[in-house]
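According to Swiss-Prot, the protein carries these features:
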type     : residues                : note
DOMAIN   : 42-131                  : domain 'ACB'
BINDING  : 53-62, 73-77, K99, Y118 : acyl-CoA binding site
REGION   : 182-227                 : region 'Disordered'
MOD_RES  : S194                    : phosphoserine
MOD_RES  : S195                    : phosphoserine
MOD_RES  : S197                    : phosphoserine
MOD_RES  : S201                    : phosphoserine
COMPBIAS : 208-227                 : compositional bias 'Basic and acidic residues'
MOD_RES  : S244                    : phosphoserine
MOD_RES  : S314                    : phosphoserine
REGION   : 339-443                 : region 'Disordered'
COMPBIAS : 374-383                 : compositional bias 'Basic and acidic residues'
MOD_RES  : S429                    : phosphoserine
COMPBIAS : 432-442                 : compositional bias 'Basic and acidic residues'
COILED   : 448-478                 : coiled coil
MOD_RES  : K470                    : N6-acetyllysine
TRANSMEM : 503-525                 : transmembrane segment
Amino acid sequence: MFQFHAGSWESWCCCCCLIPGDRPWDRGRRWRLEMADTRSVHETRFEAAVKVIQSLPKNGSFQPTNEMMLKFYSFYKQATEGPCKLSKPGFWDPVGRYKWDAWSSLGDMTKEEAMIAYVEEMKKILETMPMTEKVEELLHVIGPFYEIVEDKKSGRSSDLTSVRLEKISKCLEDLGNVLASTPNAKTVNGKAESSDSGAESEEEAAQEDPKRPEPRDSDKKMMKKSADHKNLEIIVTNGYDKDSFVQGVQNSIHTSPSLNGRCTEEVKSVDENLEQTGKTVVFVHQDVNSDHVEDISGIQHLTSDSDSEVYCDSMEQFGQEESLDGFISNNGPFSYYLGGNPSQPLESSGFPEAVQGLPGNGSPEDMQGAVVEGKGEVKRGGEDGGSNSGAPHREKRAGESEEFSNIRRGRGHRMQHLSEGSKGRQVGSGGDGERWGSDRGSRGSLNEQIALVLMRLQEDMQNVLQRLHKLEMLAASQAKSSALQTSNQPTSPRPSWWPFEMSPGALTFAIIWPFIAQWLVHLYYQRRRRKLN
């Protein structure tokens, strides 16, 4: 009988085309060889895992629990000896009883399944074990088993990361919009709101005015372009707002000079965009003697039930007004904003630089614009949202009082502007062209803004220094009090030469009192005996 070995006679016959390679008996033999290979893989992994467990030191950094060792023991016995056929140990062997229970609980599990379970339990604790030669050998035999974990969680992790990235990007966009545009007042359905509310104020405006048409994609692009140049949402004031100049510097309107409707293409594009979004554009021409307002989408008077109420959300606004008061008190360009006369007409007093356009040449053709969100009317003495939120008082000048109210709703502000003598008056325009000349327009608005920031920074530094001074004084007082307490502590009665912690009197009492007690007991028994006798 010839004995054929794999890879010798059969392979030679297949190469010589004597025996076809796809015969049924050949395929069955290949299947048996593959099963043997798979069995050998499980066995090699099992043997490597057993070596790792056996090589663990008794006092090493990794100490498996008793339950874990019982699992490994039961799987090892099942993989090597098969199902448990031994009798249960007696009560005097509790460890043997625990082992027998763990082994018999596996039932009729096959050896291959026990090997696989042993290796799977090893994978759970493989990361916590120290890296040794046996562990490296086991890792080499097992292979990259972490791919399964990554494949299971890859879809969820990608979804979570995408959602988080979207939320973060949205928050960053909202924060950028808030930082790019300072709080500017705008009116929606006769109520004034500020533009620092971001997305929520837009949603509120949409709820209050549902009939307003939604802007198209082209309109949105135009609004983004106009917002890049500067925010157009400002309100014309008569000079009584302290913060209007600083906010107007950041929101100045860059337009070209025009007279009787002659504007450049830039202004026309902005006007068309504002017509689509339902905004009110107010143009002030200095060559017109009568007060008028060119309103595109209608005029609506500002009314509110809480005109006399004043609200403030934070103390930061009071600090901003105090810094502005100190800055305006000096002789500078800010003196114009508080030195005006309330009885003086708006057109003759001139407008602050917050609503000036491009610096002109002093001619009366310079055009000023004020854009107000929605339908509204800009009154004399109108204040913007960022300046009135921190003013809990009424200003009365020359018999004329102004009531301010700023109500926080969501993240936006509401305010109502009232003036007793001129509630029905609108923003007019005068012919005083000197106020609109290049002298005031050419002043660097950036210098004033930097000066204001420096003043606020200086105030913050002063506050920090005051706090540090208070902390130093508190620490010094605590040190003095602790020193006084230590000096006032009573001195111990024991002398310096005494070696024990107890005082000499306490030590002598502790030694003598047993003898005294014994003597008293002895006296008691003596008297008792005498009485009995």
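In case you wondered, yes, glycine gets a Cβ from its N, Cα and C as well.
The separation of K470 (N6-acetyllysine) from N59 (acyl-CoA binding site), Cα to Cα, is 55 Å. Recorded residues the residue listed as 'N6-acetyllysine' and F75 (acyl-CoA binding site) have their alpha carbons 70 Å apart, per Cα-Cα distance. Candidate recorded positions: K99, K470. Fewest other C-beta atoms within 10 angstroms, K470. Highest local Cβ density among the binding-site residues I53, L56 belongs to I53, counted as other Cβ atoms within 10 Å over all protein chains shown. Averaged over the coiled coil (448-478), the predicted model has a pLDDT of 93. Secondary structure of the domain 'ACB' (42-131) per DSSP (helix as H, G, I; strand as E, B; remaining residues coil): 55 helix, 0 strand, 35 coil. With all protein chains in the displayed structure included, the most crowded Cβ environment within 10 Å among the binding-site residues F62, F75 is that of F75. DSSP classifies K470 (N6-acetyllysine) as helix under the three-state reduction.
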